[in-house]
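J.: Would you mind keeping the following structure in view while I ask a few things?
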C-alpha cells in the first residue's frame, strides 16, 4: 500500500527515472574505478570479504599492520611485491577499499529509494518487479566480485581472467538493464521503424556486451601489453593459425592464449564498427530521431575504436586505458537507449 500523504512528485515516473539514471552514473564510475584498481594491481590488497564491517578502513597503525600482514600471506606479495613497505601497501589498499566502498554506496543508492518509491506507490506491477530484479542482480554482482578476488589469493598473483570478464560483463549487463528500465518511462516516440532497424539495434547491444567480455579477458591476461602494433598484429593482418590455435584443446585459445584473445577483441571491434556504420546509413535514410540516435552510436563507436588503438600502441598507459573503459560504457549506454527507443513498449505499472 502506498504511503498516505506522499508527495505527488515522488510518485511520478520522472522521479523514478532520475533515480535510475543516477544509479547508472554511479555504475559507470564503478567500472572506471574498478579499472584503475586492476591497472594499479590493487585488487588483491584486501584479502577478506566483510560486507558490513569492511566499510571501515584501518584506523590505527596496528590495524594497518594487521592488514599488511594478511596481504603478505598471498602469492602476489611473495612473488611480485616482496619487500614492499607499509606506505606503498596503503596506496594499493585505498584503491581496493574505495572500489568496495563505492559498491556499498551504489547498493544503498539503489535500495533506499527503491523502498521509498515502492511504499509511495511509484513502483507497481511490472516496474516494481523489474526494479526488484535489478536489486537482486546488484547483490549477485557483489558476490561475483569476491569470487573473482578469491581466485587470486591462493595460487596465482592475479585474478582469473574468466572471473574478471564475468565481473565486468555483469556490471555492464546491470547498467544496460537500468538504462532500459529508465528509458521505458519516457514518452513513446511516434516514429515507426522497419524490423531490420529494430533488430540491428538490438544486435549492436549484444555485440558491445560481447566485446566488453572479450575486453575483460584481454585485461585479465594483460594481452594488451603485447602485439602493440596496428593494423598489423605480429606483422600480419591475421596471425598464423598455428599461433592462434597453439593451445589444446582449441577452445582454450579463446580464453587463455593472449594472441588469440587480443585478435578476437580486434575482430569484434571491426564487426561493431562496420555494423554501426551500415546501421547509420539505414537510419539516415529514415531520418527522424532514429537517425540522430544512430549517429551518436556510430560516433561513440568510432571514438572508442580510436581510444582502443591508442591504448594498444602506447602499451596501456593508465589514462588511456581508463578512457577506453569509460568509452565502452558510453557506447553501451548509447546503444541501449537506441535499441530501447527503437523497440520498446510502454511499461504498464
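Each Cβ is built from the backbone N, Cα and C atoms, and glycine gets one as well.
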J.: Looking at the candidate ranges 162-182, 225-245, 246-266, report the one that Swiss-Prot labels transmembrane segment.
T.: 162-182
J.: Using a threshold of three or more Cβ pairs below 8 Å, and leaving out pairs closer than 6 in sequence, do the transmembrane segment (296-316) and the transmembrane segment (268-288) count as in contact?
T.: yes
J.: Using a threshold of three or more Cβ pairs below 8 Å, and leaving out pairs closer than 6 in sequence, do the transmembrane segment (15-35) and the transmembrane segment (317-337) count as in contact?
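T.: These two stretches do touch.
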J.: I'm a bit unsure how to read this: which one of 101-121, 132-152, 162-182, 296-316 has the highest number of Cβ pairs shorter than 8 Å with the transmembrane segment (15-35)?
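T.: Stretch with the highest Cβ contact count: 162-182.
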J.: For the transmembrane segment (162-182) and the transmembrane segment (296-316), check the count of CB pairs under 8 Å (sequence separation 6 or more) and say whether it reaches 3 or more.
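T.: Result for the transmembrane segment (162-182) with the transmembrane segment (296-316) is no.
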J.: Restricting to the same chain and to sequence separations of six or more, state which residues have a Cβ under 8 Å from that of residue 265 (heme binding site).
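T.: Those within reach of residue 265 (heme binding site), by Cβ under 8 Å and sequence separation of 6 or more, are 211, 214, 215, 217, 218, 223.
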J.: Around residue 324 (heme binding site), which residues of its chain at least 6 apart sit with Cβ under 8 Å of its Cβ?
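T.: Correct list: 304, 307, 308, 311.
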